[in-house]
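Trainee: In case it helps, TrEMBL gives these features for our protein:
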type: TRANSMEM; residues: 21-41; note: transmembrane segment
type: TRANSMEM; residues: 71-89; note: transmembrane segment
type: TRANSMEM; residues: 101-123; note: transmembrane segment
type: TRANSMEM; residues: 135-154; note: transmembrane segment
type: TRANSMEM; residues: 180-196; note: transmembrane segment
type: TRANSMEM; residues: 202-223; note: transmembrane segment
type: TRANSMEM; residues: 230-249; note: transmembrane segment
type: TRANSMEM; residues: 255-274; note: transmembrane segment
type: TRANSMEM; residues: 281-301; note: transmembrane segment
type: TRANSMEM; residues: 313-332; note: transmembrane segment
Amino acid sequence: MFSGLNLRIMLSMLKNAAPGRVLLTGVAASATLTGLVWLLGLRLDGIVLPPDQGVAWYYWKLPDPTVWTRLSAWLCYAAHQVAFWWLVHHARTRVGRYTSGLHRVNVVALAVNGGFVALHLAQTQLFYDGLAQDVSIFSSQGSVILLLVAVLLMENRRRGLFLGRPAPIRREIVDFARRYHGYLFSWAAVYTFWYHPMEATGGHLVGFFYMFLLLFQGSLFLTRAHTGRWWTLTLELAVAAHGTLVAVMNSGPGGQWPMFLFGFLGVFVVTQMHGLGLSRAARWAIGLGYGAAAAAVYAARGELAGVSAVARIPAIEYVLVGVLALLLWLGLRVTRGVGQWADGRAGPAPPAP
C-alpha cells in the first residue's frame with residue numbers, strides 16, 4: 001500500500017511538472033549517462049579491432065564476430081524497437097491528448113528507454129559488437145538525416161522551407177507525416193543507438209549524448225515539452241555540433257569540419273530561424289553574420305574558392321524533402337486507390353429491410 005501511494009504521488013508530481021523542468025532534467029540525465037558510457041568504455045581498451053579500410057568502413061567492430069555477438073545486438077535492438085513502437089502506438093491511439101507535465105505512458109517510456117540504455121552498456125561489455133557488423137555505416141547516418149528531413153517537411157506550414165516561404169507540399173502529406181512521425185523517429189533513434197558499441201572515443205560520446213536526447217524527446221510524446229519550438233530547434237541544431245566535432249576528431253583542424261558546421265547552420269539560416277518569431281532585422285543580422293563567418297573561416301584556411309561547399313548539406317536536405325514528400329504522396333494515392341478498388345469489389349450495400 002505504501003509503495004502504491006508513493007507511486008501515485010510521484011505520478012501526480014510528474015503530471016504537473018513544468019516543461020522547462022522536465023527538459024532540464026532530461027538533459028542532465030543524458031549528460032550523466034554519457035559520463036557512464038565514458039567510464040565503462042575505458043574497460044574496452046583490450047579489444048583488438050581490424051585495421052581501417054576507408055570512408056565506407058566502420059572501425060569499431062570485432063574482426064571475428066560470432067553468432068552470439070551478432071544475436072546479442074540484433075535481439076536487443078529488436079526488443080527495444082518493438083517496445084518503443086508499442087508505446088508510440090499506445091500513446092497515439094489510447095491517450096491522444098496533450099499535457100503540460102507527463103502522462104503515465106511517458107514515465108513508462110522513459111523507464112523503458114533507460115532500461116535499454118543499461119542493457120546496451122552491458123551488451124557492449126559482454127559482446128562488444130553493435131549492428132555495425134552487418135549493415136553499412138551509411139544506413140546509420142542516413143537514418144538521422146531522414147529524421148531531420150522529416151522535421152523540415154512537418155514544419156513546412158509553420159516556418160516555411162525557403163526564407164519563411166512554404167514549399168508547395170499538399171496538406172494531406174504534412175498531416176500524415178505529423179500523425180505518424182513517431183514511428184519513423186523512434187526507428188531512427190533506436191537503430192542508430194544500437195548501431196554503435198558504447199565506446200569511450202570522443203565521437204562516440206558526442207553521438208551517444210545526442211542519441212540520449214533523441215530517446216528522451218521520443219519519450220515525451222503528447223507533452224508540451226515535446227513541442228517547444230526552442231527545444232526542438234536545439235535538437236535540430238545539435239547535429240551541427242555533432243557533425244563538426246566528429247569531423248575535427250577524425251580529420252583534425254585541417255579537415256572538412258567547416259562544411260559540416262556551415263552546412264547545417266545554413267539550414268538554420270534558410271529555414272529554421274524563420275519559425276522563431278524573430279524580427280526582419282534580426283534575421284538579416286543572423287544571415288549576414290553567417291555569410292561573413294563562413295567567408296572568414298574559408299579565407300583563413302586559404303580555401304575561399306571552396307566556400308560553396310557549405311551549400312552541399314542544405315541542397316541534399318532540400319532535395320530529400322521533395323523526395324520524401326513525393327514518396328508519401330505516392331503511398332497515399334496507392335492506399336486510397338486500393339481502398340476504392342476494394343469498395344468497388346464489395347459492391348453496393350444491400351437495401352435496408
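Cβ coordinates come from backbone N, Cα and C, glycine included.
Note that TrEMBL annotation is computational and uncurated.
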Trainee: Can you tell me which of 71-89, 230-249, 255-274, 313-332 gets the most C-beta pairs within less than 8 Å of the transmembrane segment (281-301)?
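Mentor: It is 255-274 that shares the most Cβ pairs under 8 Å with the transmembrane segment (281-301).
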Trainee: Where among 180-196, 202-223, 230-249 do we find the most Cβ pairs under 8 Å to the transmembrane segment (135-154)?
Mentor: 180-196
Trainee: Mind pulling out the one from 71-89, 255-274, 313-332 with the most Cβ pairs under 8 angstroms to the transmembrane segment (180-196)?
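Mentor: Going through each listed stretch, the top one turns out to be 71-89.
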Trainee: Other than its close neighbours in sequence, what residues sit by the transmembrane segment (230-249), given a CB gap under 8 Å and a spacing of at least six beyond its ends?
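Mentor: Same-chain contacts beyond the flanks: 23, 144, 148, 151, 201-203, 206-207, 210, 213-214, 217, 255-257, 259-261, 263-265, 267-268, 272, 275-276.
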